[in-house]
Each structure stands twice: as C-alpha cells, then as structure tokens.
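Report on one structure; see the data block that follows.
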Amino acid sequence: MARIIHRNCSWFHWGRQAGITEFPYPYSSASAAATLSTYIASNPTAPRTSNSATFASVDDALDSFNRMLLMNPRPSIVKFSQLVNSLMRMNAFDAALYASKQMEVAGFHHDLHTLSMLLRCFCKLGRVDFGYSVLGNALKLGIQFDDVMLSTLIDGLCKDGRVIEAASLVHKIRILGYHPDAFSYTTIIDGLCTLGQTSAGLELLKNMKELGCQPDVVSYSIVISSLCKDGMVSKAFDVFSEMKDEKIQPDVVAYNSLIAGLCISSTINEAMKLLNEMVERKIMPDTVSYSTLVDAFCKEGNVLGAKVILKVMIHRGFLPDVITYTSLMNGYCLRNELDKARKLFDFIVSKRCEPNVYCYNIMIHGYCNNGRMDEAEELLNDMLEKDLAPDTVTYTTMLNGFCQAGRLKDAQQILKKMSGQGCSPDNVTYNSLLDYLCRQGKLDGALALFQVIDNSSLKSNVAGYNILMDGLWKAGREKEAREMFSRLSRDKFLQPDTRAYTITVDGLCRQGFVDEAYDLFRKMEGDSCLPDSCSYNVIIHGFLRHKDPLEAIGLIHEMVSKGFSADATTMSLLIELLPKNQLDHPIFQKLLNGPDMKTHKIGSTDLSAAATQGTC
C-alpha cells in the first residue's frame, strides 16, 4: 500500500545526493504561448504518425494542445493530461515533457497522474536520474507514491544497467515502510540475470515470499531462462519443479527456455518429451518451441527429424518464419547439401519472407566451405543491392573463403569493401588473413599485419599470437618465435593458453631443445594452464625423436592415467623405437586400443606419414 512520506525523511535528500535539486525539463519556455509545433519542426526524430485513436499525428496533438492553452477558460488538467498521454502513446516523449512544462507555466499543479507520466517519459528517454527529481517533487507536494511510479523508476534503472542501484532503492523504500510489488522485484531479477548474475537473481526469487511478495510465472520464467543460457539446465528444472509445487502454472516461455536448454545440452529426446508434456497440459507450443527443435535437429545433422518437426508445426497452424527456414538451411549446409540449401533460400525469397543477414551468412558460409566462392560473392553483392548491410561475420567468412582458395587479391578486396561499408574487421577477420599468410610462407607480411593489428584499438588476441608463433616455428625462425611467446607472456591483458604452450613446446622439440621444452611443459600447470592430449603428444614426440624412450614411456603412463590417448605420430615413433618383443606391452596395447586409434583405421604407411606432421 502506498503511503505519504514527509519531506524530512531520508528519501527527500536522496535526489540531492545525486546532484539533482531542480525539477528538470529538457527545454525552457519564456511563456505559455510558445508553440510546440516549432519544437517538433526542429526535432525530425520525433514520430510523425501514430496508431492513437485520438490523434492522427504528433502535429495534430500539438495543434490541439496550443488551442487548449489559448482557451478562456482553459480546459481542466484532466483534458491536458489526456493529450500528454496521447503524445506518449506516439512515443513522442520529448514533446510530452515539453507539453508538461507548458502546463506548469500556465499555472496547472501536478497530481499523481501527471507526475507518473513525467517519470515514465524521463525513463523512456534514458534520463533516469531526472526520475529522482519527480519523486522529490511528489514529496514536496505531499503526493503519495504508488506502485506504478516506483516500478517505473526501478525499471528505468535496470534498463540503464544500474541494477545494484535499483536494488538499493527497493531496500531503502522498504525501510520507509513501503512494500514493492511483484513487478518491481521481477524487474530487478531480470536485470541481475541480464548482467550474468543469475545466482543473485535466483536468490532474490527465493526471498520474495519472505519479503511479502509472491513470485509469479514471469519471475520464475526469467530465472529458468537465464539458468538454461548459463548451461545450468538441471538447476533450471529444480526451479521449474518449485514453481509447479507453488501451484503456479508454467507458461510457454518457461517451457521454451527448458527446451532450448535441453537442445543446447544435446538432449533432444528430453526436449521432445517436454514438448509433448506441454500439449498434454494444454499449453500450446508456439513458433519458438518448434523452431528451437528444428535448429537442434539440424545442428546434429538430422535434417529428416527437423523436417518432421516442421510438418507438425505447419499441421498445428504455425507458419515457419525466416528463423525456422534458416535453421533448416543450415542443416543442409552442414551436410554439404548446398543445392538443397539454395533451393530453400530461394523458396524463402519467393514467399516474400525476406532473408535476413543471418540467413545470407549461413548460405555464404556453406559456399565458402565448399570453395564455391563465385556463388558466395554473388550473394554478397545481392545483399548490397538490397541495402541489407553485411556484418563482420559476412565479410570475415568471405575473406576466409578467398584465403582458403588461394585468392589473396580477392581477400584484400573484401577488406577494402568492408571498410567502405563502415564495417570494422575484428580479430577473427585479421586472424583469417594471418593464417593464410603463414601457411603461404609469407611471414614478413604476417608480422607486418600483426603489428598493424597490435597498434590499432583492436589489439591482437591469443589466437593471433598462436597463428604467428606456429608459422614462425615451422619456418625455423626460432628467435622470432621465442620473442613472440615472451611478448605474449608479458602482455598485461593476455596470457598464453594451452595452445600457445603446446606450439612452443613442439617448436622447441623440433629445434632440439627437448629439455627446455620439458621444463616449459611442466611450467604450464603452474601457470594454471592444464596440458591437453595434444600437449602430451608433442612432448612425447620430442623425446621419441631424440631417442629417449624411457622419458617418453613415463609421460605416456601419465597421459593415459589422465584419460588422454596417443595420436598417430606417437604410435609411429614408438613402433620405430621399441623392439618388436615389447609391442605386446600392456601400455602399448592400451594406446593401440585408445579412442584416437579406434576412430581411424591406421596402417603402417599412415603412421610413417604421421611422424612427419606438425603440431596436432
């Protein structure tokens, strides 16, 4: 229940702490006779039309407002408030604020309704700090706050990313005897989850009842969705069960979140069971439910299963949208069935369901992966002709495709076209070019490009360092490779990852520095960088190549105990070094039957070839 809060309470001084002492308006006026039409003419961003039943346009509302100001006697504040509310429905919030100022200049006094409108305007315009001044004026006028005003301010703070401040606001008003409603708490829960603070959001959800407020289906659904996005699907189901125990009927949003979480966890069968549960509970799945399942089936390569879901979706009266079709198109591309994917792409266009950037990116990626660069470029040009701006992913995919095809000049043209369209390259873009230059042995060009990246606002990332170090070691440029690793280690914002260590260990081994490589291998764990299967295999290669099977065997035992297995190179080198009568040794048999060996049928010729290859 709202209540009057006196001026001498701590609330009254809160706005002053933020430096807000006056009732702010974005514009001032010398007299009430100033017209708002002039303001709108000078603000071309203000909406000109609306679906409002009262006024056909903003100008229409402003003309009416001006006439009302000049009437004698003037209409009541209720009529003016209705007009301001009409401006707000047209999203003309600046105009609504200015109109409110003209009312004040004309001698009207604010009431709860007009202050609520002002607060909403400020929050919608992102001027949340001014919202405190509205509450301050309410205090001065002895006007009671209501749930709507405080919920509006809390919502504005959360949307501005100031969730902690919103939580502090709720705490302070509780001390003053005011009890926020479910919407206020749910808004804060949503803000916390949006910031990645799902645990805090869950904690607040659990505390709502103690705070005298019953969570609703929206409160629960927000937390369930956030837990699923964080990969905590099991915990999400716990919250889902709690919701049902509280006799709160789950809605389609809660079910869709769980279905999406299960699909991300690659448990599609469980997701299908949940879909059936929805139908049994008379909660009808929507387009999102079906599209999520279509996408999951496609990502697993099961296009047939996706098409079955699509048929069920259409049979139940839901029309697939561009997202649904794009998922199916991606499924075809993943199976390299590009002609079927293109046929579906053209079908989307024929249905006047305009493909979006993501849809184009899927098709372009499919073409690039299969070396069909001319067709990929045609689609890029088609986007530009349709004024559909390609994004960084589009250009990076094209650049990578041209690099893979050995068409460096075309890749450079893509970079130019990208800059011309005002689309900034990211690390993935530059790393594609770095990788190409290194593979072509153009290391001086790669080093020059790396320096350009590092001198820019973008800065190099660990992946860029790794590409360059790998290229330098393979080219035998030991000194530069060592310096690159030292430079990465000294970086204030980056640190070597497992891949960086593995590349350096492999490079040192190939240059004959096996003891140094072993020391670096052991240093990895001290730097909180755990060796993986590849790390073990490259150091084992080093000892085997330098005829030190005892050290190698010790590392093999360690590798196997950690669940890793030997690669083809390790097996080949072992066969060459160990006497034939030792090939029946249990450790060797365990390696031979490991997952890497079972995955491929490897013969002696393959093993010999593997021994000459580089880092895994």
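Cβ atoms here come from the backbone N, Cα and C positions, even for glycine.
According to TrEMBL:
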- 111-145: repeat 'PPR' (REPEAT)
- 146-180: repeat 'PPR' (REPEAT)
- 181-215: repeat 'PPR' (REPEAT)
- 216-250: repeat 'PPR' (REPEAT)
- 251-285: repeat 'PPR' (REPEAT)
- 286-320: repeat 'PPR' (REPEAT)
- 321-355: repeat 'PPR' (REPEAT)
- 356-390: repeat 'PPR' (REPEAT)
- 391-425: repeat 'PPR' (REPEAT)
- 426-460: repeat 'PPR' (REPEAT)
- 497-531: repeat 'PPR' (REPEAT)
- 532-566: repeat 'PPR' (REPEAT)
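With DSSP classes pooled into helix, strand and coil, the tally for the repeat 'PPR' (111-145) is 27 helix, 0 strand, 8 coil.
Panel annotation: around the repeat 'PPR' (426-460), residues 392, 395-396, 399-400, 403-404, 406, 408, 411, 415, 418, 467-468, 470-472, 474-475, 477, 480, 493-494 of the same chain, lying at least six beyond its termini, place a Cβ under 8 Å from a Cβ of the stretch. Sequence-distant contacts of the repeat 'PPR' (356-390) (same chain, six or more residues past either end, CB-CB distance under 8 Å): 322, 325-326, 329-330, 332-333, 336, 338, 341-342, 345, 348, 397-398, 400-402, 404-405, 407, 410, 421, 423.
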